[in-house]
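Here is the structure we will look at.
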Amino acid sequence: MEPIDTRAERREKIVYHLETCFNTINHMLIGYVTFYLSYYSYTRGFGKLFTWHIFLCSVGYQFFMAQSLLTLYPANSWTNRHSTATKRHLHWALQAIGCVAILVGIVIEIYLKEDAGRNHFRSDHAITGLVSLIFIALSILNGIAAMYTVKIKHLIKPVYVKMCHYLTGIVAFVIGMTSLALEYSPRMLSVQHKQMLIAFTTITTALTLIGVCKTMTNQCRNLRQS
């Protein structure tokens, strides 16, 4: 009879290979959606300010924010050989670029609406974008606190700080990607292409969060045991 340890190791290898496979698919879908929205922005012309809103928010969420979440995922193809410290640096760098791109994109849209005398944050797309930006700010604050958990552990357990960082980051990313999907409209693309982009955006959101959700599950398990 095969030893239990051997079966467990084999199961872990199978799960890891499956995760690696799905991670590769995720990168392909992220690349496709990012390229399509970038090309759409190019065809609109970067001489128009609204084009920059589309481009910066799309690239900010779909590429930089997604990649920043994937950097710490053990099955992520382009970071799995790096040290934990390097992964954290990449996570922060990609997240910082994404946040700046999103913030500038939203500010441009606010300016355009103000200039046109239109009301702000009326559509579902605009409201979800604003809510996502608020949670991004909270996630950044939690992330900074997570860097100093050793110094503040007498005030709060490090695991609680990290859990808050994970939760606010997940909420920010999910709502941000939802905001992107809400803006896919027939005036931008055909109905078939719209449905495909929404499907790809949904799949990439789910696949990107696998690593974070696994980490949160492990943290919760450790909390119960402590």
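One-based numbering along the chain as shown.
Glycine too: its Cβ is placed from the backbone N, Cα and C atoms.
Just so you know, TrEMBL annotations never went through curation; they're auto-generated.
Taken from TrEMBL, the feature transmembrane segment covers 21-40 (among others).
The feature domain 'Cytochrome b561' is assigned by TrEMBL to 21-221.
Here TrEMBL flags 52-72 (among others) as transmembrane segment.
Note on the transmembrane segment (92-112): residues 49-50, 52-57, 59-61, 63-65, 67-68, 71, 120, 126, 129-130, 132-133, 136, 140, 143, 176 of its chain, located 6 or more positions outside it, place their CB under 8 angstroms from a CB of the stretch. Annotated transmembrane segment per TrEMBL: 92-112 (among others), in sequence order.
Positions annotated as transmembrane segment by TrEMBL: 127-151 (among others). Taking Cβ pairs closer than 8 Å, the transmembrane segment (127-151) reaches residues 57, 61, 92, 95, 99, 102-103, 106, 121, 158, 161-162, 164-165, 168-169, 171-173, 175-176, 178-179, 182 in its own chain, all 6 or more past its ends.
Residues annotated as transmembrane segment in TrEMBL: 163-184 (among others).
Residues or ranges marked as transmembrane segment by TrEMBL: 196-217 (among others).
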